[in-house]
Amino acid sequence: MSEASADSDAPPAETPRGVVATVVFVLRFVLRYATRYWVSYLFGFLALAATNWAVVRIPTLVGEILNELEAAGSEGLARSEAAADLAVELMVWASALVIVRTFSRVLFFNPGRDIQYRVGVDLFSHLLSLQRPFYVRRKVGELVSVAANDTQSVRLLVGFAGLQVCNVLVAIPLHLWQLLRTDWVLTLWCVTPVLLGGIYMRWTVSRFYAMVRSSLERLARLSDRILESFAGVATIRSHGAEEAAVARFEVSNRDYLDLQLDVARLRAFAMPVLGFSGFVGTGLVLWVGGQRVLDDELLIGDLATFTALLMSLVSLLTSLAWVLTAVSRGTVALDRVQELLDRDPELPEASASHTLDASPRLELRELTFRHPGRDEPSLRGISAVVEPGQTLGIFGRTGSGKTTLIDILARIYSPPKGSVFIDGLDARHLELGPLRAGMAVVPQTPFLFSTTLRDNIRLLGEDAAVIAADDAARPESGLLAGLTRGRTDAVDGARAGQARVERAAGLDLRAPDPHLDAVIEAACMGPDLAALPEGLDTVVGERGVMLSGGQRQRTALARALYRRPRLLLLDDVLSAVDQATEVKLVAAIRGLSGQDGPDGQGQAPTTVIVSHRTSVLEHADEILVLDEGGLVERGTHAQLVGQGGVYAAAHEHQNEDQGGEAGRG
Amino acid sequence: MAEDAKTHPDVGSALGLLRRFWVFIRPHSAWLFSGLAVIPIVAGMATLRPLLLKRVVDEAIPAGDPEGLRTLALLFLGAVALEFSAMAVQVYCLQRSGHAAIYDLRTAIFRHVLRLPARFFDKNPLGSLLSRSTSDVEALGETLSFGVFTILTDVFMVGGILTSMFILSWQLTLLSLSVAPLLFLLVRWFSKNLRALQLEVRRAQGVQTGYLTEQLSGVSVVQLNGQEGLARDRFAGLGERYLRATKLANIFDSLLYSVMDGISAFCVALLLFFATPALLDDASWLGEATAGTLTLGLLFAFVSYLQRVFVPIREFSNKLATIQRAAASLERIYGLLDTLAEPRDAGGEDPLATWTGQVRMRDLSFSYAWGGAEDEAEAADGPVILSEVDLDIEAGEVVAVVGRTGSGKTSLGRILTQTYTGYRGSIEFVLADGSAVELRELSPDRVRRRLLMVQQDVFLFDESAGFNVTLGEAELDDEDAILTALETVQAADFIRERGGPDCAVGERGANFSVGETQLLAFARVAARSPTMLILDEATASVDSLTEQRVQKAIERLLEGRSVLVIAHRLSTVRHADKIVVLARGKVAEVGDHEALMARDGIYAELYRSGFDEASETAAASE
């Protein structure tokens, strides 16, 4: 993770691009995702046009009625019937408005939701196809924020902003047309302050968003600080540094408050300017319009029409200001989403497919590997051959390249051309799926999912039941129970998907699983399970926090063994396991490598095992000793101890520390 | 409604909670009262505006009086200016008092949490603590700045408008507002459903985001095990649930919005429909008195009032919900603030000022279930970790405690530093004059000034290396002192290589290796030079070379102070003046290395089989 690569891969900055380029960019996205909803959008647009017609028609009608009344004076019923008819028409329009407005909103918003859903799923499945080099550069939190928040902004862009932009496109001309038609002189008078207010509002809203963005950043920093301090509370407590921690916290807290007050100032003094200008416009209607009524150039009811249309215009301009900003934010969010969607998985082209039906033969030829963005290679010129069923041990201190070697064999990083061969085929160009189906990798720091132990070992997605249980805790009321039935459907959907998996795998999840039992036995997990409240059904908590380091490592080992791998890659998996257990586990792994594996097929998996403990490596067919990426010693355990090099020294040191190893040949 | 009752306390208790919150607002009450004081001005001006409109239509225009027209228009503009100024002042003052109170609350929570006993953190996951200190506080802040007080404004506004309408014509008021009760019920019904839906939306979203985060964190596992397809299907399933809820919420939301929007037009229509004959006839059905007073200007005023009077109804139910949410947050926050914190030193003379470093433990028993638990009866059961331990640590002596996992050796350190309270028996700190102080009589911060425990897991803060030595304590913050401390533990070299004490350690110490992290933690000790040190040796895998440096640093730290080593390494044990072997919470053997080996008991067996490296934390929570 060098500075340079972090920079080049930083999410795109909000560089302003040309309006045309932006429109093209957004349109391309819309074409890709939104076209299938064109019917919805078309009817939505029609409903929107109808809505605006009603919005303009209503104040005009009010004005006309008042004009009728004014004209009728005290002349009797004859003329007043016209006004009553107009009032009835007004009611019809008011009711129609409710209906068409509902339709316009629903028809615009719901496709937005659909699009958000589809973008989210596409993004997630694309992220799953991206490889380690990508995940080294990008933090998970940042990716989650793109998937969770930026897709929301994209939805607002195609739903809310889409509606508003269309709305404004229809409504503003309609309003102006109606105003001008009624009295163009008065229109010029009173629209001027409103338009000025609108321009000011546009400026204020962008300032507001800038503030909100930095206040969110400061809030995030504040939360980070809180989380960090709480996580380190034991350290703070034992050093009695509580007051110092509070003082440190107050700095961030004060920072946040200052910005909050800036936002409050803006909200109090700058935001209402547009509303204010609307009322100024109304004042002008009274003044100038009143004068024009006196001069007989305007009817008195038109004053009411003017006032109402003006207020309606103010709210349109307000939403326009917000929408323009939402659009620019949405575009930035869309940029970030698109950038991820367009990212290449960076996998070399697969030219062959190889299934590991039998334990493979591994060959490394002058393997030299440099991590992307690093100057120094992590591995230099390593060559080795591991015959089917044999075990290769890797020894070296922290940073010597052990883990890199495992990562390359697991194809977490792609090996350079012509350096790693599996059954004689260049591993670089093998298809990932079939290759990985036959291998199991246990990383140095095991990752457990917050589901049951059983599922963590078998990885069959059994935790649907856990989600359902969480969900069942929620009581529902009245009508909503019926309306949200979809919710349970969704969970059922997850369960149905589950059932498909089960059928495909030919397993019943609750049925006894002798292979699982064997694996648990091999990983020495029996006593641990007995101590856990619900045995295999214990939910292990976020990233396995319920378990000790050793238990986590052994769970990951069990997970690997469960897969009946033909190629087993173990990266320092016994580091947090105590001595006695280590002996048993080494025996279990050797048992796989012996003549009869637990699967009874008689062939042991080809194994590569990394450790900094010599006791783990004693039985390997060959041990490579690495230092700073290069090979410094190689041979069997006995040979290496005899050579008196780095390995022998470490062996000596560890032996001394472990009490002379008297009882352990 | 069961759900509502659970997550939303009723309005009465909500007010009670808010009353309790007054402590935090009081210091900023000047802002609050200034904000409240201008509310009547805002409401008054909003009520006045349509009245001016009425006079324009009824007086100035019929009279053909341009002078009067100008005066009224200027008055109107004046009223508008006054209304908006008052509103700006109101918004700013109220928000200011709200934010300031929240600022104080945030600090209060943070300070309180840092003082909570270790037991509390065992039971409460960090996530929920964090959400109480952030999202709950934010929800409260939102309400304070918008919800509570804008309701007051609304009440004044609606009150003013209704009064004015009734005075102008109570008949027309009743007529045009005849749909209001229906509207109110409708809005309530919509809001109730919307609220429940939004709850479901948030829940669905939470589940989905949680799943996403976990799968991406473990993306290697997913990929190496070929789980991509399964993960994608699960994610899509969770997304569908979210999608369905949001779509339904959309429909309700759109309906509510449209109904509210249409209703004021409808009321105007009602008004005009019935007012027409009233205006033109003698309008006997509206009562004799009305006929003369019903004017065009009155209709203007009413039309204007009707556009304004419904807005608060639309908002009211939302605001009430916000307040209830805030009350729920406040309830959780008070749940946290009411948790008993560790006692703190009241000031005065330091009873440990002349402590020699000698400690006498007699008949010491301990269970994690004792102390802390409010209920003594409940406290009775729970595994006993230590029982009847007698142990002496002389001034300047190095005592090593060894034992298998679960023997209670780590607990010993936790008792001495009062990380966990509730021991039985006696632990005495011997002073220079030969007298002794009992541990439980001392406040934990007093003890920790003199008795420092270094944990297995080193925690580094995302700040400079220097900060991680001082931990921000002002009296230690001196470049020379920091360098001296680093020098003592041989950490100065690699710190200098990276640019001195100002170099960043990265998130959780990402820029440093495990061994270097250890050395930094030792520098913390060196900077504080405690009278006694408890060293819980790390079991983390460190390569041999680093291990030698760590070993040397430990040796330096041991010099000149009493030390209790919870030992995992043989080399440390060999430096000890005395070795205590614990087995099942009791002292099984005491002596030096040779004596214990000669005895050929538990120690000799431990020695031969290598030391136990299993995680001690697992044993502690058993």
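Note: Cβ is positioned from N, Cα and C throughout, glycine not excepted.
Since this is a predicted model, take the numbers as computed values, not measurements.
Here is what TrEMBL records for this protein:
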TRANSMEM  A:15-31  transmembrane segment
TRANSMEM  A:38-56  transmembrane segment
DOMAIN    A:42-329  domain 'ABC transmembrane type-1'
TRANSMEM  A:90-108  transmembrane segment
TRANSMEM  A:156-178  transmembrane segment
TRANSMEM  A:184-203  transmembrane segment
TRANSMEM  A:269-288  transmembrane segment
TRANSMEM  A:308-327  transmembrane segment
DOMAIN    A:362-653  domain 'ABC transporter'
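Against the transmembrane segment (A:184-203), the recorded stretches A:38-56, A:90-108, A:269-288, A:308-327 differ in Cβ pairs under 8 Å, and the greatest number is found for A:269-288. Outside the transmembrane segment (A:90-108) by six or more residues, the chain places 40-41, 43-45, 47-48, 50-51, 54-55, 57-58, 61-62, 65, 159-160, 162-163, 166-167 with a CB less than 8 A from a CB of the stretch. As a whole-number mean, the pLDDT of the domain 'ABC transporter' (A:362-653) in this prediction is 77. Taking every recorded stretch in A:15-31, A:38-56, A:156-178, A:269-288 and counting its Cβ pairs under 8 Å to the transmembrane segment (A:308-327), the highest total belongs to A:156-178.
Listed as Cβ neighbours of the transmembrane segment (A:156-178) (distance under 8 Å, sequence separation of 6 or more from its ends, same chain) are residues 26, 30, 33-34, 41, 44-45, 48-49, 51-53, 55-56, 60, 104-105, 108-113, 115, 187, 191, 305, 309, 312-313, 316, 319-320, 322-323, 326-327, 330-331, 333-334.
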